[in-house]
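Right, one structure below, let's go through it.
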């Protein structure tokens with residue numbers, strides 16, 4: 001399989017975050033929040049100008065190239081912050097974690113940084129490499145879009161509503177501008193033409209004639225979607241303070257992190273309740289009735305969103321930065337990990353199913369009329 005190479009120029013620019021972080025950390029003036037936000041904007045502006053001057057051809061071909069290069073730089077910064085907060089690095093991003101975005105020092109913030117510095121970073125390099133080679137990256141872009149949007153939709157409101165709301169810095173308003181990026185990038189990615197399907201009309205018609213019992217993989221996914229929907233409703237009721245005994249036992253013995261006043265876990269469960277739950281129902285419908293051509297794209301977006309959300313939620317639930325009373329008890333680790341890993345795995349299996357065997361979701365060609373058949377015979 002021909003995999004797009006990682007863009008070497010993008011790697012070099014992104015790794016420039018290391019010396020830049022070290023130099024800025026040595027300047028005492030950056031102990032002021034206003035200096036931090038102005039410097040951050042200046043660095044990103046200079047980086048964008050450098051990308052534009054060095055890669056004008058790529059940006060002309062696809063403006064998202066500049067976004068991926070700049071964001072790869074910020075991904076390295078996020079990875080440095082996460083490693084520094086966990087004690088693996090020292091003296092690189094102290095000023096930003098203290099005066100820029102102190103909520104990145106929470107357990108949830110640390111795992112957002114880990115995800116951005118690893119998964120997002122590899123996606124940026126791969127998509128930038130695909131643009132340089134003029135190859136398709138639509139599927140990777142959809143996965144990134146869901147992941148990036150989910151992290152913002154939980155993290156930014158959580159900073160305002162949680163116990164760290166009093167520590168909002170001017171840099172927070174710079175982060176709000178990031179919300180415009182997935183909107184614009186999403187429109188461009190969705191407007192890209194999908195890869196041409198190799199399924200013939202006969203294959204599509206034959207696949208769509210099969211009943212659900214003749215498609216055991218789809219039947220298994222539907223059962224999973226139903227169970228995941230019930231689990232989503234249950235955890236939504238838990239964070240909404242449902243007085244049922246089952247909710248009380250769950251929040252104290254299995255996921256006490258849902259009570260943490262940082263607000264991120266509550267917002268995450270509400271995001272699941274209001275957005276993931278409808279998708280589970282619609283996806284089960286699309287696996288039952290043929291021709292739902294929207295599912296393959298949205299399954300990728302949803303897989304990215306759930307992957308990022310579950311990684312951050314599971315990591316923060318067990319991280320030492322979370323107060324002991326809100327951490328998962330050691331005797332329930334197995335149940336917690338199994339249920340949450342399955343919750344994260346299912347959407348990825350759904351996306352893979354849609355990519356590998358898309359015939360069931362394609363719109364069947366209308367049957368040819370007798371006149372058309374007569375013309376073909378002539």
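Any Cβ shown, glycine's included, is placed from N, Cα and C.
Taken from Swiss-Prot, the feature domain 'EXPERA 1' applies to 61-186, supported by similarity to another entry.
Swiss-Prot lists 217-351 with the feature domain 'EXPERA 2', giving similarity to another entry as the kind of evidence.
Long-range Cβ contacts of the transmembrane segment (34-54) within its own chain (Cβ-Cβ under 8 Å, at least 6 residues beyond either end) map to 9, 13, 20, 24, 65-66, 69-70, 73-74, 95-96, 99-100, 169-171, 173-174. Summarising the annotation, Swiss-Prot assigns transmembrane segment to 34-54 (among others).
Among the features that Swiss-Prot reports, transmembrane segment is placed at 63-83 (among others), with the record citing sequence analysis.
Taken from Swiss-Prot, the feature transmembrane segment applies to 110-130 (among others), supported by sequence analysis. Beyond the transmembrane segment (110-130), the same-chain residues lying 6 or more positions past its ends with a Cβ under 8 Å from any Cβ of the stretch are 3-7, 10-11, 14, 58, 64-65, 68-69, 71-72, 74-76, 78-82, 85-86, 104, 136-137, 140-141, 143-144, 147-148, 151, 155, 307-308, 311-312, 315-316, 319, 321.
The transmembrane segment annotation in Swiss-Prot covers 140-160 (among others), and the record cites sequence analysis as its basis. For the transmembrane segment (140-160), the list of distant contacts is 64, 103, 108-109, 112, 115-116, 119-120, 123-124, 126-127, 130, 168, 172, 175-176, 178-179, 181-182, 185-186, 189-190, 192, 262-264, 267-268, 271, 297, 300-309, 312, 351: same-chain residues at least six beyond its ends, Cβ to Cβ under 8 Å.
Packing against the transmembrane segment (170-190) from elsewhere in the chain are residues 33-34, 36-37, 40-41, 62-64, 67, 96, 100-101, 138, 141-142, 145, 148-149, 152, 156, 159, 297: each is 6 or more residues past its ends and has a CB under 8 Å from a CB in it. Per Swiss-Prot, the feature transmembrane segment maps to 170-190 (among others).
According to Swiss-Prot, the transmembrane segment annotation covers 219-239 (among others).
Summarising the annotation, Swiss-Prot assigns transmembrane segment to 269-289 (among others).
Within the same chain, residues 111-112, 114-115, 119, 139, 142-151, 154, 190, 194, 208, 268, 271-272, 276, 279, 283, 285, 340-341, 343-344, 347-348, 350-351, 354-355, 358, 361-364 sit at least 6 positions outside the transmembrane segment (291-311) and bring their C-beta atoms closer than 8 Å to a C-beta of that stretch. Under the heading transmembrane segment, Swiss-Prot lists 291-311 (among others), citing sequence analysis as support.
Long-range contacts of the transmembrane segment (332-352) within the same chain: residues 143, 221, 224-225, 228, 231, 253-255, 283, 296, 299-300, 302-303, 306-307, 310-311, 313-314, 317-318, each at least 6 residues beyond the stretch ends and with a Cβ under 8 Å from a Cβ of the stretch. Annotated transmembrane segment per Swiss-Prot: 332-352 (among others), in sequence order, evidence recorded as sequence analysis.
Summarising model confidence by region, the domain 'EXPERA 1' (61-186) averages a pLDDT of 90.
Residues of the same chain lying 6 or more positions beyond the ends of the transmembrane segment (219-239) and with a Cβ under 8 Å from any Cβ of it are 212-213, 246-247, 250-251, 255, 258, 265-266, 269-270, 272-273, 276-277, 280-281, 283-284, 287-288, 339, 342-343, 346, 349-350, 353.
Within its own chain, the transmembrane segment (63-83) is flanked in space by residues 7, 9-11, 13-18, 21, 44, 47-48, 51-52, 55, 89, 92-93, 96-97, 104, 110-114, 116-118, 120-121, 124-125, 127-128, 131-132, 141, 181, 185, 188-189, which lie at least six positions past its ends and keep a Cβ under 8 Å from the stretch.
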